[in-house]
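Noted in TrEMBL for the protein shown:
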{"type": "DOMAIN", "residues": "B:36-554", "note": "domain 'Cytochrome oxidase subunit I profile'"}
{"type": "TRANSMEM", "residues": "B:58-78", "note": "transmembrane segment"}
{"type": "TRANSMEM", "residues": "B:98-125", "note": "transmembrane segment"}
{"type": "TRANSMEM", "residues": "B:185-209", "note": "transmembrane segment"}
{"type": "TRANSMEM", "residues": "B:229-251", "note": "transmembrane segment"}
{"type": "TRANSMEM", "residues": "B:271-294", "note": "transmembrane segment"}
{"type": "TRANSMEM", "residues": "B:306-330", "note": "transmembrane segment"}
{"type": "TRANSMEM", "residues": "B:376-402", "note": "transmembrane segment"}
{"type": "TRANSMEM", "residues": "B:414-436", "note": "transmembrane segment"}
{"type": "TRANSMEM", "residues": "B:448-471", "note": "transmembrane segment"}
{"type": "TRANSMEM", "residues": "B:491-514", "note": "transmembrane segment"}
{"type": "TRANSMEM", "residues": "B:586-602", "note": "transmembrane segment"}
{"type": "TRANSMEM", "residues": "B:608-626", "note": "transmembrane segment"}
Amino acid sequence: MDNHSKGFPKSQVFGFVLSLVLTFAALFVALKTSLSFNTIIWIIGTLAIVQAGLQLFMFMHLKEGEDGNSQTINVIYGVFIAVVTVAGSIWVMSFGM
Amino acid sequence: MGIKWDRFFITGDPLILGSQIAILLTMIGIVVLVSYLKKWKWLWTEWLTTVDHKRIGIMYILVGVLMFFRGGIDGLLMKAQTATPDGQLLDAQHYNEVFTTHGVVMILFMAMPFLIGIMNVIVPLQIGARDVAFPQLNALSFWLTFSGAMLFNISFVIGGSPDAGWTAYFPLAGKEFSPGIGNNFYAVAIQIAGIGTLMTGINFIVTILKMRAKGMTLMKMPMFSWTSFVTSIIIAASFPILTVALALMTFDRIFGTHFFTLSGGGMDMMWVNLFWLWGHPEVYIVVLPAFGMFSEVISTFSRKTLFGYKSMVGSIVGIAILSMLVWVHHFFTMGAGPGVNSIFSITTMMIAIPTGVKMFNWLFTMRKGRIQFTTAMLWALAFVPCFLIGGITGVMLAMGAADYQYHNTLFLVAHFHYVLIPGVVFAVFAGLYYWWPKMFGHMLNEKLGKLHFWLFVIGFNMTFMPMFFLGLNGAVRRAYTYSAESGFGPLMLVSAIGAGILAIGFAFFCYNIYWSARYADRNISSDPWDARTLEWATASPVQFYNFAKIPEVTSLDAFWYMKKKNKGLKFSNDELEEIHMPSNSGLPFIMSIVFGISGFLLVFEWKIAALVAALGILICLAIRSFDYNDGYHVPVDEIKEIEYGWQNKEKGVEKHVN
Ligand code: HEM
Ligand SMILES: [Cu+2]
């Protein structure tokens, strides 16, 4: 992604537009639909996570530099630990209900 | 805030009074000795302020030896108490304190310092680096560990020991049921040491990712460096959980919050959950570097490359993931329902797969090898069957339903000692016998080493094998006594005698250190074992800059092939360049003392004083941010002189191995 040297920052613009789309989609779901509260939370939560991932790649230079790979692995492992710790604890502490 | 002077010194128990006097005398003795020998300056410049990874490693190892002593005495006291029915040596309270401190000291202040110490000495050498990525941070890690260890250890003469088990389960460990300050020591001391460990983890991840010698791709890295790398990753993943859990515990105990209490909406099992979310990865943190050491030792003394290197790496990485997914097996009996318990039974049993892969790799490395039975290799050989017993009983315990029977019995105690002692203590001994010449320039005596080995291994099996059967017969853990009618007497006695033999074995180790320091031959080769990895490519003991010229790596077992092809070992003087090294700093030491003082005040719940002391920590941080000293350069002439000193000596390569 050497966009600085190639002139037009294609992927950044693409990421920016996609982020806008995702944000407005979330707004639309929350304000303009009559889905149940639960469904809305799930949908906008998912959209948020997708957007966080997108921004990591498009703007935070995750894959750039000499150790793009280890950074990607790092982030994935970090997310894995966070999910296991939080979701796992909730599941176990509710006795698996 | 109410200063509790009456709780300050523990009085009334002859054992503790004895220790108080002994500690006082030792302290006076050390001060007098150092002053008499005029060594204060030497101590300060060479050790207390050092940022050299090898010296820091040696200090870690020293802490490990001392703490093994402390934890071992606790173990012997317990064994002496339960040697006969209705023993009178310790009362219930004292027994509780002893098994609590034994567990904490052994895991956090014996196993961790030993392993991190050996990692410190060896990993930078193995990957061909001149130091770790953040040398001063490394010193801070050590001094925080030291400060935490000391704070924990003074608990039994000042203020009282923690007594709620090394797991410190709530509600017992809370203020309601343990109003004394003993458990404050637990919360604060482990916190301080844990911060140090977390920083070590980060430091080693960066070191291994960024500072490998030219040509050493990850898949050409020696196995011990691999295991240290994965261990560091697990540290970075799991220690924050401990930090948070201990902080919440501190809030509960000292500031009256209700995270884990029974009343006020607290959740006592949440402590258990968080504790084991850290606690299970912790056992892999201690056992993985040990696996790495065995890999090096077995491959060196079988004269073969490690069998199945790739599968070994794969299984270690697999363990890094699986180890985060099994924590509930420590509290199956909480009764979380069949869904939870079955999932965690299965993940736990799955860990046996990568571990089995490793076992076979070691066995196949030895197959058709020309095995040399050095002391280091003996430890590795004994490890295989002993650890297997620990592993198989582990799979038995992994079955949630069956665990309702084994839970809380001596069967479990036997199991985890069969995992931890072969998996950590044997490994540390193997590593020390193997790397001792690298650290000190002389070998440990092999004859004394073999005595140490046999006594320790026989003693170990005799101590813990009977506990399996006692446990199956219903002997519960953490019980200070039992009646004659229970029928536990004979096996308990065998076990106690075994502990005595084990202790004699350890005494031989200490004597060996002393004997070798005084009498061992100093004129040895820098590669006495004819070994395979880069740490042996430089002098023993290693010069402070490690390598005059960083070697280039083309294959696994780099040093072995350099010797075989006689390539890359020698360099001409005009290839030498100035070496950039980090300067010493007293800041880590001072900062850790401030940490210790602040922690001590917090333990006694003198909150304002603790806060004031904690300002000192911030001041140290600020001083560090304005520190522009970025090291010094070693001139080429000095390097030449040092290199000439060791490279051109005629020293027999293998004459010290029999
Ligand atoms: C030196 C020889 C050792 C002896 C004689 C010994 C003996 C014992 C005994 C008798 C107990 C308590 C049994 C009970 O519940 O009543 C115990 C508990 C324990 N030991 Fe050891 N042990 C030794 C080494 C180790 C090592 C090397 C480790 C760890 C690396 C270790 C870790 C533990 C832990 C974590 C506990 C549980 C403490 C608790 O219940 O809270 N021990 N040991
Ligand atoms: Cu576990």
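Heads up, the Cβ atoms here are built off N, Cα and C, so glycines get one too.
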Would you confirm whether the transmembrane segment (B:414-436) and the transmembrane segment (B:185-209) meet the contact rule of 3 or more C-beta pairs below 8 angstroms, pairs 6 or more apart in sequence?
-> no
Any chance the transmembrane segment (B:98-125) and the transmembrane segment (B:271-294) have 3 or more Cβ pairs under 8 A, given the pairs are 6 or more apart in sequence?
-> yes
Which value does the mean pLDDT take for the domain 'Cytochrome oxidase subunit I profile' (B:36-554) in this predicted structure?
-> 93
Please work out which recorded stretch in B:185-209, B:271-294, B:376-402, B:448-471, B:491-514 has the most C-beta pairs separated by under 8 angstroms from the transmembrane segment (B:58-78)?
-> B:491-514
For the transmembrane segment (B:306-330), the distant same-chain contacts (Cβ-Cβ under 8 Å, at least six residues beyond its ends) come to 219, 223, 226-227, 230, 233-234, 237-238, 272-273, 276-277, 279-281, 283-284, 288, 291, 295, 298-299, 336, 340-341, 344-345, 347-348, 350-351, 353-355, 357-358, 360-362, 364-365, 367, 397-398, 400, 403, 556
Given the transmembrane segment (B:185-209), its same-chain partners at Cβ distance under 8 Å and 6+ residues beyond its ends are 100, 104, 108-109, 112, 116, 119, 123-124, 127, 129, 132-134, 137-138, 140-145, 147-149, 151-152, 155, 159, 161-162, 164, 168, 173, 221, 225, 228-229, 231-236, 239-240, 242-243, 246-247, 249-250, 253-254, 592, 595-596, 599, 602-603
Among B:271-294, B:448-471, B:586-602, the most Cβ pairs under 8 Å with the transmembrane segment (B:491-514) come from B:448-471
The transmembrane segment (B:586-602): which same-chain residues, six or more beyond its ends, come within Cβ distance under 8 Å?
-> 44, 48-49, 51, 136, 139-140, 142-144, 146-148, 150-151, 184, 188-189, 191-192, 250, 254, 609-610, 613-614, 616-617, 620-621, 623-624, 627
